[in-house]
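Novice: Annotations per TrEMBL:
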- 31-51: transmembrane segment (TRANSMEM)
- 60-77: transmembrane segment (TRANSMEM)
- 89-116: transmembrane segment (TRANSMEM)
- 123-142: transmembrane segment (TRANSMEM)
- 162-182: transmembrane segment (TRANSMEM)
- 194-214: transmembrane segment (TRANSMEM)
- 220-243: transmembrane segment (TRANSMEM)
Amino acid sequence: YTSVVWWCGVALMGIGELGNFAAYGFAPASLIAPLGCVSVIGDAFISVIFLKETVRVSDILGGALAITGTYVLVMFAPHTTTHITALLIQYYVLSWYFLVYLLLEVLVFCILLYVYKWRKVKHIVIVMLLVALLASLTVISVKAVSGMIAESIKGQLQLIYPIFYVMLVVMIASCAFQIKFLNQAMKMFDATEVVPINFVFFTASAIVAGIVFYQEFEGLALLNIFMFLFGCLLSFLGVFMIARNKPKIKQDPDFIAMDKIPRKSHTDKVQPEAKTQTYGSLAAKLMCNSASRTHDES
């Protein structure tokens, strides 16, 4: 917390997410979500500059595919913008197709949560599906909150309606639980596996949310829909190629219990260092001291 670079990073992340939040108020959710592949491309190039990572052929090909896919989906995505008002959100919330969608989503979420928590099935697809289902609600609520704030700034006050605060609570709660499950996934699996799968699932859930709740594909030509999905597919392939690696489930580092060391009854644990063969420098020192005392007593 005393690092200036760390605080600059946090500030930049905050500004970026604020811009992403604002974008949902001015463009369809099905257009904003796939553009997240730009951040993956940026990560790949920034890691080369700052982390001195080597550029692979798959990085170049993946970046080209992602850029091409982004161009295609932007060209054929729905560009009609709807003024998001509180009354419109209330109408969408009470529509029968959204209520059916919400019921199915809650049912699937409960089943996946049961399998993950009580059946102890720690599979990455299950965790990422939990995140994606939450992300669907996040996208709906973020666009609603952002749109109503934008309308309020324009002069049509929307903050006096209860639906604004309902959506605000849904946004905060869904974001918090997303972070929780994502953190669990990052602990259990490698980032090269979590990042592309999360991007694909999040984008798919955002597109479905935009179609079901905001009816963003209504009146869109069949060719536009096909080319939009084709652009998304190219972006997905590009992201997978950039993040391609041999993902492995992360293993907890080995720890040496202090009570395993002679004359030590503590339950603390010492993490071994990479340069030592067995116990690590602290444990090795303790063992040496213990051996010396034993030798002196004898």
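Note that Cβ sites are derived from N, Cα and C of the backbone, with glycine treated the same way.
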Novice: If you count Cβ pairs under 8 Å, which stretch among 60-77, 162-182, 194-214, 220-243 touches the transmembrane segment (123-142) the most?
Specialist: 194-214
Novice: Between the stretches 60-77, 89-116, 220-243, which one has more Cβ pairs under 8 Å with the transmembrane segment (31-51) than any other?
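Specialist: Highest pair count goes to 60-77.
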Novice: If contact means at least 3 Cβ pairs within less than 8 Å, sequence distance 6 or more, would you call the transmembrane segment (194-214) and the transmembrane segment (89-116) in contact?
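Specialist: Contact confirmed: at least 3 Cβ pairs fall under 8 Å.
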Novice: Determine which residues of the chain contact the transmembrane segment (162-182) at the Cβ level, with the cut-off under 8 Å and only residues 6 or more beyond its ends counted.
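Specialist: Here the qualifying positions are 86, 89-90, 93, 127, 130-131, 134-135, 137-138, 140-142, 144-145, 148, 194, 198.
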Novice: In the same chain, which residue numbers or ranges, 6 or more beyond the ends of the transmembrane segment (220-243), come under 8 angstroms Cβ to Cβ?
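Specialist: Answer is 30, 34, 37, 40-41, 44, 58-59, 61-78, 191-193, 195-196, 199-200, 203, 207.
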